[in-house]
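What TrEMBL records for this protein:
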type	residues	note
DOMAIN	B:79-266	domain 'ABC transmembrane type-1'
TRANSMEM	B:26-47	transmembrane segment
TRANSMEM	B:83-105	transmembrane segment
TRANSMEM	B:117-141	transmembrane segment
TRANSMEM	B:147-170	transmembrane segment
TRANSMEM	B:191-213	transmembrane segment
TRANSMEM	B:250-269	transmembrane segment
Amino acid sequence: MAITTEETPAAHGAGPTGAPPAPAISLEGVGKTYRSGPGTVTAVHRIDLEIQQGEFFSLLGPSGCGKTTTMRMIAGFEEPTSGTIRLAGKDVTGVPPNRRDVNMVFQSYALFPHMTVADNVAFGLKRKKVPSAEIKKRVAEMLDLVELTDRARYKPSQLSGGQQQRVALARALVNRPSALLLDEPLGALDLKLRQAMQLELKRIQREVGITFVYVTHDQSEALTMSDRIAVMNKGVVEQLGTPAEIYETPATRFVAGFIGTSNILTGTVDTVSDGWARIGYGHGQHVLAKGDGTAPNEEIVLTVRPEKIRLSAEEPDANLSRIRGTVREVVYLGSTTHYTVRTVDDTDIVVFQQNSSDASNLAERGDTAWLSWRPEHSYVLPG
Amino acid sequence: MRAATKEAAPAAAPRRWRPRISLGKLFTWAVLVWLFVPIAGMIAFSFNDISGRQNVSWQGFTLKWYGQAFAYPDLNQALINTLVVGVSTMVISGITGSLLGLAMGRYRFRGQQISNLVMFAAISAPEVVIGAALLSLFLTINMTTGLLTVIIAHVMFTVSFVAITVRARVMTMDPRIEEAARDLGADSWTTFRLVTFPMLFPAIMAGGLLSFALSVDDFIITTFVSGELSTFPLWIWGSTRIGIPPQVNVMGTLIFVVGVVLTVINVVLARRRS
């Protein structure tokens, strides 16, 4: 693996024995600044990421957060203005996309319209001068994997959106890249098909064991499929973690707001004891939160998920966070009911309650009710 | 249709009288007749059994002109010249126009606005002006007018048509498709050869054929820059003073038939492709 333009099949994963495997993709201080008229626009601020072999990794964020730019820098379509990109430990900064061992699935699929499905899938292997018998075999295997064997001789325009999507996937996967980059690949599909394809993608990833880097703005998609997620906003990674970590313990206000529904509470710390900060709201109401580094009289912001809160008519236990309010809205959604409760300091808190047989119809609009949750379910957010 | 009408008006209002041929249909047929009668006339008079030089009144049916289609050596030469000019124009305009269209559709560059303007100016300028301007240019730089100057002039006024057709295609093409080719290991030349060019080919072909057609029947600009060279249209114009021989009708008919056959082949291929 010295200077590499020739391809050595079966070299993947067969790295130097003994040494710990290098991450499939690593970004060190990678940034991208565009010139825009007289000034400059920074799409990505120096970010550091390590994506492991075989991982399903998502870059999640709103449009314009830099996730697609980051992916395009990994693929080689954009050159970073700072930092180093390594694929399997090898520095590829400045290497053109056709000489990087990663393949991309485009949002628009970008299939070759003048070629058949089979020719589309064979394109990458032909460039690598793989013997034609092997190309035939691998294309057939791949079409089988994406269940399009009977469509091999069709042109892309004769396929449905979901089928085109699978051709795009097959065309990239057939090359057995060290990582597959997917840029909102399900964005153009309708909801039902999208959900089916999410499971399908996850199955394929498990079967082929290739590292997937998945760009999406859809938080539920990222939570469903990923092993780890990097939540991006304004060109920086706000939080990096497993779906559960990101959902349960959002690190920033942005993450709390972007992933699922969060209640944001503000208040002044009364006391800190045993590492728990207590914010009092009077009349036996208080909120407890893990308060490392907070001090009395400090203004803090904390967050709690709607499904962690219990709504009750009677006063809850004093070692829980508990707060009273007036029910402003009740939305019945079948398996759950969503309540909006306004507290004494005019904050609206959203509560999701399971409609189990004994807990239905807990409160009506206009009722006064108690809200309570365990102290470890609220998190102090920076700023 | 009938069921719907019935439901909407159950009281069976008296049917309104509708003409069997609508005005739109009538107009369409009128236009078609207006367009094709002269061509039909040309074809018919290629079978006219005349004895003198005037081929203006019907004398009787004959096939003899087809047997003597190439009886006038200078007419044959004019036709060959026209084909040489036409094919050269098609190839040169096809290549340069495609590159121009690709550049203008894909990249932002200094002088793009000017290129645009020049392109449209070349299309919209009156042919007399272009012809006169080119002639004075060739005289100034001391270039002998002839085959070469005719080809230069024809390339000049047809290249814009190719460029505009190709540019339209480039602009509707997803740039991600070429990126996908790069991503799959194709270098920039391979990407052009296997992806960009095949996708642009229909537009290049259309532009090329258009420039061939424009070149073959151009008269005004050719008159200015042809010098000693005779082309098919120039020869016909010259012969009008003494009477156009039926061979002209024969050649016109043959050119028309070739055009129709090519069109039909194109339509059939396009059908089969989709």
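Yeah, the Cβs are placed from backbone N, Cα and C, and that goes for glycine too.
What you are looking at is a predicted structure, and each value in this text was computed from that prediction instead of being measured.
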> When you check the transmembrane segment (B:250-269) against the transmembrane segment (B:83-105), do you get at least 3 Cβ pairs under 8 Å, counting only pairs 6 or more apart in sequence?
Replying inline: no
> Considering pairs 6 or more residues apart, do the transmembrane segment (B:191-213) and the transmembrane segment (B:117-141) have at least three CB pairs under 8 Å?
Replying inline: no
> Any residues 6+ beyond the ends of the transmembrane segment (B:83-105) with a Cβ under 8 Å from its own?
Replying inline: 112, 115-116, 119, 147, 150-151, 154-155, 158-171, 196, 200, 203-204, 207-209, 211-212, 214-216, 231
